[in-house]
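Per Swiss-Prot, the features are as follows:
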{"type": "MOD_RES", "residues": "T2", "note": "N-acetylthreonine"}
{"type": "DOMAIN", "residues": "175-436", "note": "domain 'ABC transporter 1'"}
{"type": "BINDING", "residues": "G207, R208, N209, G210, T211, G212, K213, T214", "note": "ATP 1 binding site"}
{"type": "DOMAIN", "residues": "504-713", "note": "domain 'ABC transporter 2'"}
{"type": "BINDING", "residues": "G537, P538, N539, G540, I541, G542, K543, S544", "note": "ATP 2 binding site"}
Amino acid sequence: MTEVASSVVYEVLGRRAQDVDEPIMDYIINVLADEDFDFGEEGEGAFDAVGELLVAAECVSDFEECRLVCSKLSDKFGKHGLVKPTPTVRSLAMPVRMNDGMDDGPVKKKKPEPVDGPLLTERDLAKIERRKKKDDRQRELQYQQHVAEMEAAKAGMPTVSVNHDTGGGSAIRDIHMDNFNVSVGGRDLIVDGSITLSFGRHYGLVGRNGTGKTTFLRYMAMHAIEGIPTNCQILHVEQEVVGDKTTALQCVLNTDIERTKLLEEEIQILAKQRETEEPTAKDGMPTKDTVEGDLMSQRLEEIYKRLDAIDAYTAEARAASILAGLSFTPEMQLKATNTFSGGWRMRIALARALFIEPDLLLLDEPTNHLDLHAVLWLETYLTKWPKTFIVVSHAREFLNTVVTDIIHLQNQKLSTYKGNYDIFERTREEQVKNQQKAFESSERSRSHMQAFIDKFRYNAKRASLVQSRIKALDRLAHVDQVINDPDYKFEFPTPDDKPGPPIISFSDASFGYPGGPLLFRNLNFGIDLDSRIAMVGPNGIGKSTILKLISGDLQPSSGTVFRSAKVRVAVFSQHHVDGLDLSSNPLLYMMRCYPGVPEQKLRSHLGSLGVTGNLALQPMYTLSGGQKSRVAFAKITFKKPHLLLLDEPSNHLDLDAVEALIQGLVLFQGGICMVSHDEHLISGSVDELWVVSDGRIAPFHGTFHDYKKLLQSST
């Protein structure tokens, strides 16, 4: 009997059973082969007895599949006659009196039957634990391999610097790239792509998170696409500058390598001239030093002419102007780069790129690390950019301002549209409508012709008509069916309980970090469940600090901050995205964050924020920035918070995802307080604007557009 049971179990479990330790398989088989074992309805008894073990041993992927497997086991065991028959109910021949045959003596309690040992022995549990650790090590190894590949790719990026040499070949104009493919990790992102970048045009690259926008930019930066001229300077602003003792200003100036070398040579020659200054020989003949001095003077003259030709003397002013536009004060420009945070070093990288003016500039979310003042300056600067650039951005208004064309990446294809993002959206919508109409018309024609052909195919009298229909069907133009992107969703859970107002209250609260000056004085405000607030102000003014005071991560130096004992606060920031375990997958990450919660419940919650299907099982290092943000949102909102504190929540999301985020925030049944400079997000999801400046918080009476116009007029 056990041999038959063994063959059935291995047949149902298939290949996965071969990877399970023998003691565990023996235990499962012996439990199911017991002659008194009751499989129950649809294998429920088997699920109760060995279901947890099957999942733990990875014989099945989850409990849902486990139920199906247990049902199959029940059926298979039944076909082999190994299932205990269900007892039938028979009618009694005559009534029975329940007290017949019973004496009045005390009833002896039946001793409980000995229960089998634990489901698994300690040895078996240890084996399962070792298997889990082995899987963790394997995931970590794959992640480290991915990191090494990325570092190698970055190391392979060509060094780009200011190019003053216009004599080495013709100037770069239009760039034609035809029939190219882009893939990563064996997955095709662009297939048979073709695109022409016209000189001086400003392109916005749009598409869903994970479609391959950043990878496409990297391919171009590495000249990995045929059609890019070898002498074309391409600069991809992707990573922050490495911090060292070089000042921010000098870091930008150092990109002009020729200028730097000429200035260094000038200093060396001047020093040498001072050392060798001596009168001529007594006989009036020039000495060796005099001849060398003449040569040095001649070289100095050449250096000065070249420095003048390459505008070397205006370079410092140009670099300082760019840094100032990106919110660097004169004092900050003279600070060492290793004293700046990652966000500020990213600004220095952007400043270097703008100073270099490459033939093709590639910008990936350039506004992520900028405040509104810097964004407005960058908009103006890029609008006047004389060469070609491609920008990826989630900021709709930014794209509307700076781009002249849109490149749309969808379904592994690239399409180009004239105009800004709003024009693209209208054009694309009309195009999709027309394509759908053409497809439906074509299908109706095909169906009508095919019906005629099928009806009269064997009718000799209509043979000629049938043949003409067949030829017409072959000639009928093929129209592709419209494949729409799946709808995005951000469904934030509704809190079960609602604490009374105010849930957060500041009363004369002041704050300063230990040993430093007060950043805020006498703050007085309250936040309720119906609050919809956006805080705006320059970077470094303390907006994120206020969010930490609200959440309780920081305590006021004086005054009080009241928080309702029942309030649950969720905080989203770039720190939460950066803190994800990239070697894990979203589902496993959530299971570790919330142990004991059923897998299906966690899957459902991930799905409510757009992390569905296979995406929930992909290693997180393969996810795009926007997809990682969704996982971070899932983690912080699982406990059904009453208040969402959001620090730049739209960073890394694509434009459709920002739209879905707006809808999710509008429907959220709780309070919202965000820090953002995204005009579309703020205008669509909040109704209060707070301006942070000079250690105070003041309400702004107007729209975000009004605030933006006020800033523009002041600069």
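Residue 1 is the first one shown; counting continues down the chain.
Placed from the backbone N, Cα and C atoms, the Cβ positions cover glycine too.
Annotated features taken from Swiss-Prot, shown on the structure.
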residue: G207; record: ATP 1 binding site; DSSP (3 states): coil
residue: K213; record: ATP 1 binding site; DSSP (3 states): helix
residue: G537; record: ATP 2 binding site; DSSP (3 states): coil
residue: G542; record: ATP 2 binding site; DSSP (3 states): coil
Tell me which of the binding-site residues G210, P538 sits in the most Cβ-dense spot, judged by other Cβ atoms within 10 Å. G210
Which of the binding-site residues G207, N209, G210 has its Cα nearest to the Cα of S544 (ATP 2 binding site)? N209
Could you round the CA separation between N209 (ATP 1 binding site) and I541 (ATP 2 binding site) to a whole angstrom and send it over? 31
If you count CB neighbours within 10 Å, which one among the binding-site residues G207, G212, G537, G540, G542 has the smallest count? G540
Just how many other Cβ atoms lie inside 10 Å of the Cβ on N539 (ATP 2 binding site)? 20
Tell me the Cα distance separating T214 (ATP 1 binding site) from G537 (ATP 2 binding site), rounded to the nearest angstrom. 29
Within 8 Å of the Cβ centroid of the ATP 2 site residues G537, P538, N539, G540, I541, G542, K543, S544, which other residues of the same chain have their Cβ? D371, V692
By Cβ count within 10 Å, point out the most packed of the recorded positions listed: T2, S544. S544
Considering Cα atoms only, can you say which of T2, N539, G540, I541, K543 is the nearest neighbour of G207 (ATP 1 binding site) among these recorded positions? N539
Additional residues around ATP 1, ordered along the sequence, whose Cβ is within 8 Å of the centroid of G207, R208, N209, G210, T211, G212, K213, T214: L189, L409, S624, D654
Over the domain 'ABC transporter 1' (175-436) the mean pLDDT stands at 88
Tell me, by DSSP, whether the residue listed as 'N-acetylthreonine' is helix, strand or coil? helix
Which ones, of the recorded positions T2, P538, N539, G540, I541, K543, have a Cα no more than 10 Å from the Cα of T211 (ATP 1 binding site)? none
Please name which of the recorded positions listed here, T2, G212, K213, is nearest in space to P538 (ATP 2 binding site), Cα against Cα. K213
Cβ neighbour count within 10 Å of N209 (ATP 1 binding site): 22
